[in-house]
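Notes for the one structure printed next.
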């Protein structure tokens, strides 16, 4: 089975649409790659596949091989020079990154996917069984909102072919990252997703509160546009880890609109601390545009 080449599987879930699951998936994938891990991204949001846009590879097409589909390469394994990283070390290994999405298969990007449940279920199963992943350390699965046919088919197939504990011969279903926005209307829907994980036995790795404020492009001040702290309170109520808050950053949007992969550029800040001094070059999937990842206080 193609998943035999996968070491760890992480789901990115949310009970609410439009909270930024795909942007979180993209940043997780690029960050893991920057740390030297080989990463795959599977986009099973069939009616709104946006992962190709986030990676700037919308025009790419999957190739068919005798055993199944070959995922699209985002970038190959490479070494960034110490000069580019502004470090004294010899360099940094960037892990290979590849992805699979229905967006690569549709004849036109604007084509609507009007499928009933059985066809969606079959497509999800095909993505899990017919994609020829290379050896990857992490497979991130970007899911649609809610707890629909796609989720049920996804978990049925994964639970048959993976292990929920580290196992030498089976892919490890590590768990799920749950994404929300801070306002109450989003929290109420995302709570259903946490209950879904509990009922299906999927470990929740943590909650990310996205769009938790607005970063001013002039002064970098973060203003809480909606409410504040809803994701953290929800995580505490469900006794799961809270991974942090991510505000709206116009620089992030600009990178995506330009077709540039938003990979922790120089100036990335987490809770006021610089967490990446690297102006990652084009071969790493980014440019030296200043962009910030902030925690709103």
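Cβ atoms here come from the backbone N, Cα and C positions, even for glycine.
The following features are taken from Swiss-Prot:
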- 15, 16, 17, 18, 19, 20, 21, 22: ATP binding site (BINDING)
- 216, 219: [4Fe-4S] cluster binding site (BINDING)
Q) Other than its own, how many Cβ atoms are within 10 Å of the Cβ belonging to residue 19 (ATP binding site)? A) 23
Q: Take the Cβ of residue 216 ([4Fe-4S] cluster binding site) and count every other Cβ within 10 Å, whichever protein chain it belongs to.
A: 12
(Q) Cα-Cα, whole number of Å: residue 219 ([4Fe-4S] cluster binding site) versus residue 22 (ATP binding site)? (A) 27
Q. Cβ within 8 Å of the ATP site's Cβ centroid: which residues qualify beyond 15, 16, 17, 18, 19, 20, 21, 22?
A. 14, 145, 179, 181, 210
(Q) Using a 10 Å radius around its CB, how many other CB atoms surround residue 17 (ATP binding site)? (A) 13
Q. Which whole-number value in Å describes the distance between the Cα atoms of residue 15 (ATP binding site) and residue 216 ([4Fe-4S] cluster binding site)?
A. 29
Q | Of 16, 21 (the binding-site residues), the residue whose Cβ has the fewest other Cβ atoms within 10 Å | A | 16
Q: Go through 18, 20, our binding-site residues, and report the one whose Cβ sees the most other Cβ atoms within 10 Å.
A: 20
